[in-house]
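Taken from TrEMBL, the feature transmembrane segment applies to 7-34, 40-63, 84-104, 116-134, 146-164, 184-206, 218-243, 263-284, 313-331, 337-358, 378-399, 405-423.
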Amino acid sequence: MKKKMTFFDLVSMGVGATIGSGIFVMLGIGIGMTGRSVNIALIVAIILSFLMTVPTILLSGVVDLKGGLVTQAEILLGKKWASIVGYIYIIVNLTISVMAISIIDYLTQLIPVLGDYHQLFSILTILFFFLISIKGAKFMARAQNIFVVVMMIALGLFVVFGVPQVQPGYFTEPGLFTNGFTGFFTAVALLTFATQGATCIVNYSSEVEDSQKLLPRAMIMTFIVVGIIYFGIGTAAAGVLPYDQVAFQSLGVVAKEILPSPLFVVFIIGGACFALGSTLNSTLASLRYPVMQVAEDGFLPKILLKTDKKYDFPYVIMGFFLLIGITPIIFNVDLNILVSLVMIPSYLFNLFIALATARIPKLFKEEWLNSKLHVKNFVLYILCGLAALVYIVQAYFLIKDLSTGLIIGNIIFFAVTVIYVNYRDKQLKKG
């Protein structure tokens, strides 16, 4: 596999994966929870998400992770458990149809007639991004660079036009911490879900030269870029209009107020649609590597390893996800319930991986000592502990509202996969 992706490509993938539709919806909810201090909540959320990513950053700076997140789990937990991480990864990405549907939802606001052909255009959107994926990671990276640049211009317009219109006394009026520190930290917990995505960069380890240098830098830069743009968006969104007009509302409410009509159209298309598009493109670009790693390890059918000779395109894997992307649109099926069934196992494995990262000095003694990210062991333990703590807190906020049925479903999923991977592991050892 020829390595072609650059530092800029990696950052574009990370930024695109992070800034999706979530910020357009969650920011208004965050304002409702904590008022004008939402920009501070965003920065805290960025810091917490960064802490959650630190274990991945550290390991990627020591060793190549060909299969991305699955290889990370394999090194730290073993192949058997890494396969479950791969299964979870596949299930989480079964909802790619939602992004295509949401793109058409936003476009319908500008072109109402699209609503009459919503299903058709949603399918065409899926097909468009799958066609981009055929030519490989570098071609997808070029497309991603365009998506992200346009998105950043659109979001930049929101900041440039919005911040000068922020009402005087932003940090002094009663609008800060409207629901006290409980509301603030609840907003932080919510907004962490809109600040994650940088870890997708590790999946491109096999596509870059000197991955141990570029991947950590790209993940760190992703957080810096997202932090700057989010702080500006949060300030403008919360500071231009009165609290009661923006609390629990989408960014479109403020955008209509601060942007001239032509630029509002640019914001909806370039901001919302391209944000969703960049997330979808990043998802399709990165998902092949973890899936192929699980298949290579023997916990998925070997047929998934088949690729074409010209572009090294994994047509079986991508064909499966194309089918999964189109089917829910045609039959109007919501696959989000499947994601809910893997929430608890997902956080458990993230927690285990964060803690197991403290073993780097034992697993890769020389590489760790020579790594530019090397820190003293007690600092490493603190960083891994903080990452684990953030995962526990975030899991609490996410899982506390799960129904009894979904909790039982999570337990069943975990039990079935554990039984299967143990059975499969014994088969593989027998040969």
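Positions of Cβ are set from backbone N, Cα and C atoms, glycine also.
Note: TrEMBL annotation is automatic and uncurated.
With respect to Cβ pairs under 8 Å, the transmembrane segment (337-358) is most closely packed against 84-104, considering the stretches 40-63, 84-104, 263-284, 313-331. Beyond the transmembrane segment (146-164), the same-chain residues lying 6 or more positions past its ends with a Cβ under 8 Å from any Cβ of the stretch are 12, 15-16, 19, 229, 232-233, 235-237, 239-240, 251, 254-255, 258-259, 263, 266-267, 269-271, 274-275, 277-278, 281. Remark: the transmembrane segment (84-104) contacts the transmembrane segment (313-331), by the rule of 3 or more CB pairs under 8 A. Residues 1, 3, 5, 10, 13-20, 22-23, 26-27, 29-30, 33-34, 37-38, 40-42, 44-46, 48-49, 52-53, 56, 60, 64-69, 71-72, 137, 177, 215, 218-219, 222-223, 226, 230, 279, 282-283, 285-287, 289-290, 390, 393-394, 397 of the same chain sit 6 or more residues outside the transmembrane segment (184-206) yet have a Cβ under 8 Å from a Cβ within it. Across the candidate stretches 116-134, 263-284, 378-399, the maximum count of CB pairs under 8 A to the transmembrane segment (7-34) is reached by 263-284.
Using a cut-off of 8 Å between Cβ atoms, the transmembrane segment (116-134) and the transmembrane segment (313-331) share at least three residue pairs, counting only pairs 6 or more apart in sequence. Only residues 6 or more beyond the boundaries of the transmembrane segment (40-63), in the same chain, are considered here, and those with a CB under 8 A from a CB of the stretch are 27, 30, 33-34, 69, 72, 75-76, 184, 187-188, 191-192, 194-196, 198-199, 202, 205, 211-213, 215-216, 219-220, 223, 226-227, 230-231, 234, 350, 353-354, 357, 360, 364, 367-368, 371-373, 380, 383-384, 386-387, 390-391, 394.
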